[in-house]
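Asks: Dumping what Swiss-Prot says about this protein:
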type: ACT_SITE; residues: R144; note: active site
type: ACT_SITE; residues: K168; note: active site
type: ACT_SITE; residues: H239; note: active site
type: ACT_SITE; residues: R242; note: active site
type: ACT_SITE; residues: H265; note: active site
type: ACT_SITE; residues: Y274; note: active site, O-(3'-phospho-DNA)-tyrosine intermediate
type: DOMAIN; residues: 1-83; note: domain 'Core-binding (CB)'
type: DOMAIN; residues: 104-287; note: domain 'Tyr recombinase'
Amino acid sequence: MHGLIADFIHYLDVERGLARTTQVSYQQDLTTFMAWLSDQKQTTFPEDFGVIQAFLKHQNDTKAPASVSRMISALRKFYRFLLREGAIKSDPMTKIDTPKKAQHLPATLSGTEIDALMAKPDTTKPLGLRDRAIFELMYATGLRVSEVVGLRLDQLHLAMNLLQVTGKGDKERLVPISPQAADWVNRYLQESRPRLIKHQQPKAVFVNFHGHALTRQVIWKNLKAYIASVGIEKDVTPHTLRHSFATRLLENGADLRVVQELLGHSDISTTQIYTHLSNQHLVAVYHKTHPRG
């Protein structure tokens, strides 16, 4: 069973060209599936619809709808692969419907909360200056955390206030960066990064104390710690900075298509969730400013 999963991941990489982050997510989902099958004394990947249904019911009881949807997507592709390779005779996933994602409004940070967060890292220390540069960059550009950790030195064009970003599906886009955020990144590059990389020559812009490329998990953990230390009680993740970036743009009159391009969304319907947030802002402004509001 391990071998089939490894073959599938290799297929996703070589033949489908899926992004590494997607490959890792699918591998984790299939490993979870295999562990559950082992608990059920199953030694092969089942073709029985009922077994798949029981597994997904277990997942629904313990995981968020978005995670279950991704799990179904992984299983659907995996079973197609197994059928193609002759490892199974029938595909039970054809009977499984993908649940509709519940659309929820993402959390955002106010201007005051952003200021409090930015002021928290100790910029007299290498790691503090690095963290400030990361937060300034994320809020100024709306980059995904995976795009931040994947950012290379040769993708920085700070003199032109531009970044060359590799997004989902390895699609590249140019993203503008504010002069303020560019200044913080420059400070990090000049003052902190040389002290962190020591004698190494990593291509990654952002590195850890040992000079290795930073991970998404470290940024997530550090952000959580800073948020807690300034007393913000919202459930804040790196994606919250991306949400806040998009919401501020729309509140200040940016065109939805422009925001779509900046965020790297392939489908504008993904971007449209932010219009609900900006509409809330419009209603609040109306009630505050209109004489009969």
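Cβ coordinates come from backbone N, Cα and C, glycine included.
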Asks: Could you give the Cα-Cα distance between K168 (active site) and H265 (active site), in whole Å?
Replies: 9
Asks: Specify the count of other C-beta atoms within 10 Å of the C-beta of H265 (active site).
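Replies: Looking across every protein chain shown, the total is 16.
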Asks: What does the structure give for the C-alpha distance between R242 (active site) and H265 (active site)? Integer Å is fine.
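Replies: Rounded to a whole number, the Cα-Cα distance is 12 Å.
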Asks: Among all chains shown, work out which of the active-site residues R144, H239 has the most CB atoms within 10 A of its CB.
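Replies: Answer returned by the neighbour count: R144.
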Asks: Let's see if you can do this one: DSSP helix, strand and coil counts over the domain 'Core-binding (CB)' (1-83), in that order.
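Replies: Its residues fall into 68 helix, 0 strand, 15 coil.
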Asks: Using a 10 Å radius around each Cβ and all protein chains in view, which of these active-site residues has the most neighbours: K168, R242?
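Replies: Most Cβ neighbours within 10 Å: R242.
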Asks: Taking just the CA atoms, what is the gap between R144 (active site) and H265 (active site) in Å?
Replies: 11
